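Asker: Next up is a structure, given as structure tokens.
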């Protein structure tokens, strides 16, 4: 059995400055950067690869061996022992890859995110025979490879490769990292030599005893945690070892798993701070070492910075790179940090290959670039494949503020109209922490029209080489002393620039220049004045006066007095003046002496100027300044210490006395008030209000009715708390009857229910609006009874369900307007309804709805904005989200319920959220789900409904806004609602039925309560087809009437639409839709059983005649049910005693057809 043998290899990664090509600090250990080109083929590919890896032992990044030819020598790869990233062997024709000393692949970078070792497509086919392979990889000599720390292996499309299928990869890879293994054998028959008979398990990389696979894990004893050098427990390697070992100690490792500290493998490097057990303090570690790659080093490379014990390429956000004792480190910024931007390949530009039109603006106002700057042909011409447009050369000036580049600067293309790199005129340092190709940090190639560089501020190229190639017109490059810019002896310059006509300005030193003129000098022969080399500074003459400091001309401060025969100043600032122009306070020249300036200890500083112009301090007792020394020079009153003390004591005493007096007076006032309140409470009556609120009194009138005043007819409905009857109310002392609805409470109801009914009565008695149901009176019997107006057509929900095919868009929009008007009235009265739904809206007639059911309503005071409920049964699916979750009710939560009510109307009585349990409604609303768009609604109507369902109550519309929105839509209903079919006119037969079933002495409740308003009842105006009469649905008249919700056609219409129109069309405004719960039209003497002659006889009976014949003109009823709609209506024109028919007869004025199911008042004859 063969195991690893030999002495321990003490791996010392003393990594230094260059990260480009191979460099070394120890003759036996060399480190090189590696590449990340993947499958890209570069110019001079083999030569660049040979120069990169010759003599290299450790590759920091990736080892990429690609595109080698059959006869090329790869023996320079034999020195490589460790790779930090991945190993790529692809597209090669060479027969052998001699990586015989490679022990460890760390896998810090993975190819395609999965693979650490890739061997693929290493062959070339015979052009004449596609199935015959001429050349290709035959031997992969990884003879000492024993460990891959992370990632998997891929071997595919290598038809000539031998022996690799014998390798046991599970001894090499780490199973804990879940490696991806993609091993695809090739079916091509090849002639391979077998492994040496001494190889364990017949595993080898190539024939011969020196190429057997080295096992360091699978054949170890059970006591070994990781690797071993033999089968015994004593042969286990240290836990910090990687790739095997020669002994059990951490110094016997062939490679280190984490960090190498002078030949000892550790998991961390010595930290900057340690705990001192003697002083019990955290002190600096005298043996500190910095983490650099996989090594612990005493000093970071000069072009790297130190932060938290590590060598990094750039500081993190909020940190500034500074130079301390010759070491560059990261410190927190003092104030605002200079703007640091990502370069190509870093951060936001990690997937970008060059500066282009999409990212050039990201470099605006940047001081430092973390990364690289690359400008190539695609930067300016764009890339159609990636949809990158061309870049305007003027945008390059976004780079003019850049002072430092941590990586490299590569220019492979430049605009023809720019002859220099003057956009980088402020660039001071190129760090070269990453390098281009063969280790270059500054590259200018293929820019043939470039005449000079123009990098006048460049002072340092920290690492990497410089190359200026194919720049035939470039001048002045050979005049530059590049050694002045370099920081290492290994750095070099390559250029093929012109050598003629390269005379620098006379003021430039022998270090050369970046271009013509005194502003392009690398260094000045004499002095530098603001970036311009001059012969001398303005020391004794000239303006402004200057001082010479470190070869620079520095302008004197404005407080320095200009001298003629001597220097005006010795440096910048007011402290370096030879003589002050005004006054001098110590070394500082100032325009005036300190006057009341706040100093240390929050004391004011006062000074005066003596005869020499020197500022001297005033006397300590001078509080207003002084003009000279001593107390005599003080300004203002001079107060001695004793008088000052007396004044202070007197002031304090007076303050205490005043405070005591105020406390006594307040206490006496409080005691007096308590006594007054106590006396008032003991009186039987209070003679004056103690805390007047200022609110107006509620002067609503509540009638107390006797049970004998009304009689019940039939049951309209019943519920948990009582029964509702249809009945007639006959007020005492009056010979009239009023149709009413009587709500009778059950006698067994609880006191709480009685209180809730009284609360409802209070609310209903307090409202007075055409679209809000009023309370007529209350009867306080054993079972409380509420008497309200009777709505003949029942609730709106049942109406739209039963008569879906007969309802038109104008009715729907009118109902929306009227409900919004009623709710707007309640909002103005500070009343929150809390139970608005289609079931709680009643129809007086199809053109007039009223809001009812105030069982849950709450009246808010003037300063209340919301009502907090305490539970109970509530209509969850009509409630706003905040009402469901927090039991909070506002006018805006009523807006939500209004939206659900409108949805019910537009869907003709569909159930909201049907099929969803009530307990899930809150989560459904929070997830953004809402009721769907009704089929008849256009998007305009649905958007208004959706606004009512916004989560934020303040985002929902107010009711007054909803009135305006739906009023506008009601003027043009066919534009906003799409409904098939129309509501037909009332037939004469149904009209006869309504007339014959009416009572002669029935009076409308509104007329009885408000007789002075002369309420003219609204008819139920039918929906007429768009081409029918009397009014076209989409006519200009309908769109321009004053209020589309009112039947104001008689007021607003021109007479031309009524020319030659039959009287039956204008008179048949009574709906033939009825509610069987309110009207029973099945009597045997209805219009079905009457002939036309009998009907006419009925109308000719003498009791229908009126001797007081009124000849005044008739007025169309229109929409006169609502007194607010009677704009322009003159009550005097109405008949006071009856209505004239077409045959000269009158109908009694007391006959109210509306409450017997009639849709409107009758003013024209029935033919």
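The backbone N, Cα and C atoms fix where each Cβ goes, glycine too.
Sharing the feature lines straight out of Swiss-Prot:
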type	residues	note
SIGNAL	1-25	signal peptide
TOPO_DOM	26-642	topological domain 'Extracellular'
CARBOHYD	114	N-linked glycosylation site
CARBOHYD	144	N-linked glycosylation site
CARBOHYD	201	N-linked glycosylation site
DISULFID	220-228	disulfide bond
DISULFID	224-236	disulfide bond
DISULFID	237-245	disulfide bond
DISULFID	241-253	disulfide bond
DISULFID	256-265	disulfide bond
DISULFID	300-311	disulfide bond
DISULFID	315-330	disulfide bond
DISULFID	333-337	disulfide bond
CARBOHYD	356	N-linked glycosylation site
CARBOHYD	365	N-linked glycosylation site
CARBOHYD	398	N-linked glycosylation site
CARBOHYD	417	N-linked glycosylation site
CARBOHYD	501	N-linked glycosylation site
DISULFID	504-513	disulfide bond
DISULFID	508-521	disulfide bond
DISULFID	560-577	disulfide bond
CARBOHYD	576	N-linked glycosylation site
DISULFID	593-615	disulfide bond
CARBOHYD	621	N-linked glycosylation site
DOMAIN	710-977	domain 'Protein kinase'
BINDING	716, 717, 718, 719, 720, 721, 722, 723, 724, 743	ATP binding site
ACT_SITE	835	active site, proton acceptor
Asker: Starting from residue 220 (disulfide bond), work out which of the recorded positions listed here (236, 256, 356, 724) have their Cα within 10 Å, and give them in sequence order.
Answerer: 236
Asker: When a 10 Å sphere is centred on the Cβ of residue 253 (disulfide bond), how many other Cβ atoms does it contain?
Answerer: 27
Asker: Take the Cβ of residue 265 (disulfide bond) and count every other Cβ within 10 Å, whichever protein chain it belongs to.
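Answerer: Taking all protein chains shown, residue 265 (disulfide bond) has 26 Cβ neighbours within 10 Å.
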Asker: If I take the alpha carbons of residue 615 (disulfide bond) and residue 201 (N-linked glycosylation site), what is the distance between them in whole Å?
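Answerer: Pair distance, Cα basis, whole Å: 97 Å.
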Asker: Might you list, by sequence position, any residue in that chain lying six or more from residue 241 (disulfide bond) with a Cβ less than 8 Å away from its Cβ?
Answerer: 226, 227, 250, 252, 253, 254, 255, 256, 257, 265
Asker: With H, G and I counted as helix, E and B as strand and the rest as coil, say where DSSP puts residue 722 (ATP binding site).
Answerer: strand
Asker: Would you pick out, from the disulfide-bonded residues 237, 256, 560, the residue whose Cβ has the largest number of other Cβ atoms within 10 Å?
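Answerer: Checking each of 237, 256, 560, the winner is 237.
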Asker: Look at the recorded positions 228, 330, 724 and tell me which residue has the greatest number of other C-beta atoms within 10 angstroms of its C-beta.
Answerer: 228
Asker: What number of additional C-beta atoms lies within 10 angstroms of the C-beta atom of residue 577 (disulfide bond)?
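Answerer: Taking every protein chain into account, the count is 25.
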Asker: Could you work out which of the glycosylation sites (417, 576) has its C-beta surrounded by the smallest number of other C-beta atoms within 10 A?
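Answerer: Checked 417, 576; of these glycosylation sites, fewest Cβ neighbours within 10 Å: 417.
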Asker: Count, for each of the recorded positions 365, 521, 835, the other C-beta atoms lying within 10 angstroms of its own C-beta, and report the residue with the smallest count.
Answerer: 365
Asker: Can you name the recorded positions among 114, 311, 365, 577, 621 whose CA is within 10 A of the CA of residue 398 (N-linked glycosylation site)?
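Answerer: Of everything listed, what lies within 10 Å of residue 398 (N-linked glycosylation site) (Cα to Cα) is 365.
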Asker: Work out how many Å separate residue 718 (ATP binding site) and the residue listed as 'active site, proton acceptor' at their Cα atoms, rounded off.
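Answerer: Checking the Cα atoms of residue 718 (ATP binding site) and the residue listed as 'active site, proton acceptor' gives a distance of 18 Å.
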Asker: List every residue in the same chain as residue 513 (disulfide bond), at least 6 positions away in sequence, whose Cβ is under 8 Å from its Cβ.
Answerer: 476, 479, 480, 504, 505, 520, 521, 522
Asker: Looking at the recorded positions 716, 724, 835, whose Cα is closest in space to that of residue 224 (disulfide bond)?
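Answerer: Considering only the listed recorded positions, the nearest one is 835.
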Asker: Name the one residue among 144, 311, 417, 508 whose Cα is closest in three-dimensional space to that of residue 236 (disulfide bond); these are the recorded positions.
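Answerer: Nearest listed residue in space: 144.
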Asker: Measuring CA to CA, name the entry from the recorded positions 716, 722, 724, 835 that ends up nearest residue 593 (disulfide bond).
Answerer: 835
Asker: Would you identify which of the glycosylation sites 114, 144, 356, 621 has the most other C-beta atoms lying within 10 angstroms of its C-beta?
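Answerer: Checking each of 114, 144, 356, 621, the winner is 356.
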Asker: Which one of these recorded positions, 398, 718, has the sparsest Cβ neighbourhood, judged by other Cβ atoms within 10 angstroms?
Answerer: 718
